Amino acid sequence: MSEPILRLEGVETRIGPYHILHGVSFDVPAGELTLLLGRNGAGKTTTLRTIMGLWRASAGRVLFDGRDITALPTPDIARAGLAYVPESMAVFSDLTVRENMVLAARSGPLDSARLDWIFGLFPALRRFWQSRAGVLSGGQKQMLAIARGLAEPRRLLLVDEPTKGLAPAMVRNMVEAFRQVKAAGETILLVEQNFHAASALGDDVAVMDNGTVVHSGPMRALAADAALQQSLLGLSLDQHQ
Amino acid sequence: MTDLGATTPASLPAPRRDWAALLLCPVLMAAALPLVGSASSWVTLTAAGLAMGMMIFLMASGLTLVFGLMDVINFGHGVFISIGAYAMLLVLGPLAGWAEADSLPLNLALLAVCIVVAMAVTAALGLVFERVIIRPVYRSHLKQILVTMGGMIVAEQAIHVVWGASPVAIRLPEAFRGAIVIGDAAVERYRVVAVAIGLVVFAGMSLVLNRTRLGLLIRAGVENPEMVEALGYRIRRLFVGVFVAGSALAGLGGVMWGFYRQTLTAGMGMEVMVLVFIVIIIGGLGSVGGCFVGSLLVALVANYVGFLAPKLALVSNILVMALVLAWRPQGLFPVARR
Ligand SMILES: Nc1ncnc2c1ncn2[C@@H]1O[C@H](COP(=O)(O)OP(=O)(O)OP(=O)(O)O)[C@@H](O)[C@H]1O
Ligand SMILES: [Mg+2]
């Protein structure tokens, strides 16, 4: 059991008049891959956005490495060492793949050894290096969005549903890519609806429902317990595409 | 910038250019030649159109970036044009000798000093305007329109207080007066100067926007400011910088426009704002390249139509805008947005 690098304590988030998160608490241990699961609308994306300061927590705390980052502006949270791959991918479509990567490498020129490693994970990026990101397919945009998160070493990578809308073969490639990223020692908090993909990757898991965490523990235990899966995740996994 | 030499594959398709929009002005110029009939008139009209277009571009380019990056509608932009023009008076009085000197270097130096002073004044003013007037009204277009209009009225009155209410006549530096005669065609010297400065500014802006990290950040911020922040960049600072630069560019436009009219009035900036809004809409909000093409297009059409069908001159801008928007509802170079 390693030290948590990220800890959420009773985080509540309101968006306008809606009370979305009702006290979310869980830990992300350093050097591991933690999964955040839950039905559609459970509050997973809202949780990641709150961690990044894109929504403001109205109660509770977000601790990163023991430091309270709840009230920091988003750029400062990123500079503390978090990288965020949003559900919408948010690649800059007017910029080329290269330019997207240049911006992601905040502290200076891209490191060519690291870039080779990224090209190894996502060969399509090498092929479209000088193309506008807007012309990429959905899957390729997803690769670019993740590659941006990997452009420089970060302390923690937040990734929101990287396999969304991908063909089965692409999902396998994506799982393999995450396996390699994990092997490289990165700490990851991953939202993933594809339970099969998720269970192959996760060390730990937190399951959300209705804006709170309803279960957390080792992935292995959840993967082995079909009844628990059924009660926590119900039909949502089959429904989700 | 980052050099990726070895890791960059060689055989890549070049990014596609939007030829239809880029060729618009050249095609228009070529089509106007037979219509105008005489080559010398065509040269004069074209030069006038290009010079006019460059000046509109200088006045509009800052505004399109401010709108694109932070979604702020600044009706007060025109006042920076006026103040830029009036700021010249700080220079033209003390350096009157430079204007009358029969020396191109001295005349150019005077123009340069005017530009530097005007840009410094409008940049400083932009910093204050952003802090006091714009910052409290982010995310509300209606308030932005009202508040920036109010700011503009106050600033126009301030010009009256500082420099007086009556129009001020200024004289062009000696070397820029008169026309260059090529065959039968006469091209006013000052128009050549305006075109040269417009091209330099456009090239400079293109270079910054396409070749520097700062430029990439601005373009990325136009598309998705939230993601730029999530990558760890402080978009507020970026915006203040762009607002100040945009104000300074308006000041530069004011100098060029002021010398062109040779009469300064407090409302001179506001008078061109309709044109400025038309070209940034035609170009595609947030696009500097679009603003450039749009400015030239509007100015060329205005000059050709003024010659061929003077009665239509008043509506030519609106017609151009209607046609362009019918063809491309988002403008010539639509900027991707969230
Ligand atoms: N901008 C918003 N305004 C109002 N309600 C919102 C907003 N964003 C999310 N919500 C609501 O918050 C709840 C949680 O949404 P969230 O996107 O966090 O769910 P999720 O777990 O990521 O779902 P999915 O698996 O479908 O991506 C939903 O009920 C959603 O309707
Ligand atoms: Mg989601």
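Every residue, even glycine, has its Cβ placed from backbone N, Cα and C.
Annotation comment: TrEMBL describes B:19-36, B:42-67, B:79-96, B:108-133, B:145-170, B:190-209, B:238-260, B:272-301, B:308-327 as transmembrane segment.
For the transmembrane segment (B:145-170), the list of distant contacts is 73-79, 82-83, 86, 88-89, 92, 125, 129, 133-134, 136-137, 258-259, 262-267, 270: same-chain residues at least six beyond its ends, Cβ to Cβ under 8 Å. Counting Cβ pairs closer than 8 Å to the transmembrane segment (B:190-209), the top stretch among B:19-36, B:108-133, B:272-301, B:308-327 is B:272-301. For the transmembrane segment (B:19-36), the neighbouring stretch richest in Cβ pairs under 8 Å, chosen from B:42-67, B:79-96, B:108-133, B:238-260, B:272-301, is B:272-301.
In this chain, the transmembrane segment (B:308-327) does not touch the transmembrane segment (B:238-260); fewer than three CB pairs sit within less than 8 A of each other, excluding pairs fewer than 6 residues apart. Looking at B:42-67, B:79-96, B:272-301, B:308-327, the range that has the most CB pairs within less than 8 A of the transmembrane segment (B:108-133) turns out to be B:79-96. Sequence-distant contacts of the transmembrane segment (B:42-67) (same chain, at least 6 residues past either end, Cβ-Cβ under 8 Å): 29, 32-33, 36, 73-74, 77, 80-81, 182, 185-188, 190-192, 194-195, 197-199, 201-202, 205, 218, 222, 239, 242-243, 245-250, 252-254, 256-257, 260, 269, 272, 275-276, 279-280, 283, 285-288, 290-292, 294-304, 307. Sequence-distant contacts of the transmembrane segment (B:308-327) (same chain, at least 6 residues past either end, Cβ-Cβ under 8 Å): 35-36, 274-275, 278, 281-282, 294, 297-298, 301-302.
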